[in-house]
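Taken from Swiss-Prot, the feature signal peptide applies to 1-27. The disulfide bond annotation in Swiss-Prot covers 77-88, 128-136, 138-158, 207-221, 209-216, 279-310, 295-305, 309-349, 325-340, 327-337, 332-333 and rests on similarity to another entry. Swiss-Prot lists 213 with the feature O-palmitoleoyl serine, giving similarity to another entry as the kind of evidence. The N-linked glycosylation site feature in Swiss-Prot is assigned to 296; the stated evidence is sequence analysis.
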């Protein structure tokens with residue numbers, strides 16, 4: 001269907017709805033991972049709004065932490081989606097990092113905004129505790145004595161200053177969304193907040209005992225963030241349970257698209273639009289397709305050849321790899337192995353036929 005015919009088919013209200021939901025192709029602070037020095041980064045990363053540039057110039061060391069943290073949360077995103085058709089692939093030369101795929105207000109967009117916001121909190125908070133930032137240090141509120149279910153303890157060590165991480169992340173990450181008043185901006189703000197809350201959810205108290213023979217007559221405790229994988233796993237569960245919403249009548253909030261489902265909480269991820277199937281390469285949708293992706297012949301999950309390859313079939317190639325074998329334990333403290341060649345079959349998804357290459361997803 002060409003553009004002129006499509007324009008005739010869309011009614012006025014529907015055109016307005018699509019314009020309301022679809023943001024323009026823009027750059028993002030996510031592109032900061034490719035920047036060099038802080039001054040170059042602040043002045044040349046496309047897409048930063050004025051408030052973000054102000055924070056960038058005032059806190060160059062924080063920006064460095066954010067930039068380094070981008071690799072960590074993108075790797076976590078790729079880990080969580082490793083067995084799915086869309087695998088959170090990034091585009092090094094794209095200013096938006098993920099290309100057009102996140103222009104759709106989908107579950108995937110909800111997850112990426114949440115995990116990126118969480119990643120900023122994690123990176124800044126960790127940098128505070130490691131003494132890398134002038135603007136913060138350990139949590140100043142964790143001093144003196146306190147009580148828990150095990151009795152009295154003294155705050156000591158270095159408690160992670162997660163409140164600072166959350167405050168800075170909110171100011172920096174949310175700045176662009178707060179300039180917009182459309183539905184997508186509200187969706188992004190909601191998912192950004194859910195990501196920040198997820199990091200704090202796994203803040204844990206760690207203690208060290210002092211006393212004769214470890215009797216723990218005196219305890220010193222501090223608060224520490226859990227490994228970022230816990231945040232990733234939690235947000236992955238929220239992705240699978242994400243709630244589809246529509247804007248309320250006054251345009252200030254959400255209501256569930258299906259009245260049978262519960263209203264989303266601040267911890268839930270929300271989205272507006274259904275996802276494409278990601279089966280074929282579609283430049284407009286930002287989908288790279290699954291041609292050439294490795295699939296699991298024995299799996300019944302999303303990584304199975306049947307699901308991953310979208311019914312197109314798969315190719316099988318015999319490959320060899322070096323593995324450790326014939327390992328033996330040597331007294332007292334060593335295990336010695338030989339290097340062996342192992343042959344195995346690798347299955348990869350077939351490309352779509354020329355007839356279906358341009359078919360809509």
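In case you wondered, yes, glycine gets a Cβ from its N, Cα and C as well.
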Message: On a C-alpha basis, identify the one among 136, 209, 333, 337 that is nearest to residue 158 (disulfide bond); the candidates are the disulfide-bonded residues.
response: 136
- prompt: Across all protein chains in the structure, which of the recorded positions 213, 296 has the highest Cβ count within 10 Å?
  reply: 296
- prompt: Sequence gap of 6 or more, C-beta under 8 Å: which same-chain residues meet both conditions with respect to residue 136 (disulfide bond)?
  reply: 124, 128, 161, 164
- prompt: Considering only the disulfide-bonded residues 77, 138, 309, 310, which residue has the minimal Cα-Cα separation from residue 337 (disulfide bond)?
  reply: 77
- prompt: Tell me, how many other CB atoms lie within 10 A of the CB of residue 88 (disulfide bond), whichever protein chain they belong to?
  reply: 20
Query: Counting across all protein chains shown, how many other Cβ atoms sit within 10 Å of the Cβ of residue 158 (disulfide bond)?
result: 16
Query: Near residue 349 (disulfide bond), which disulfide-bonded residues out of 138, 216, 221, 295, 305, 310 have their CA within 10 Å?
result: 295, 305, 310
Task: In three-state terms from DSSP, label residue 221 (disulfide bond) for me.
output: strand
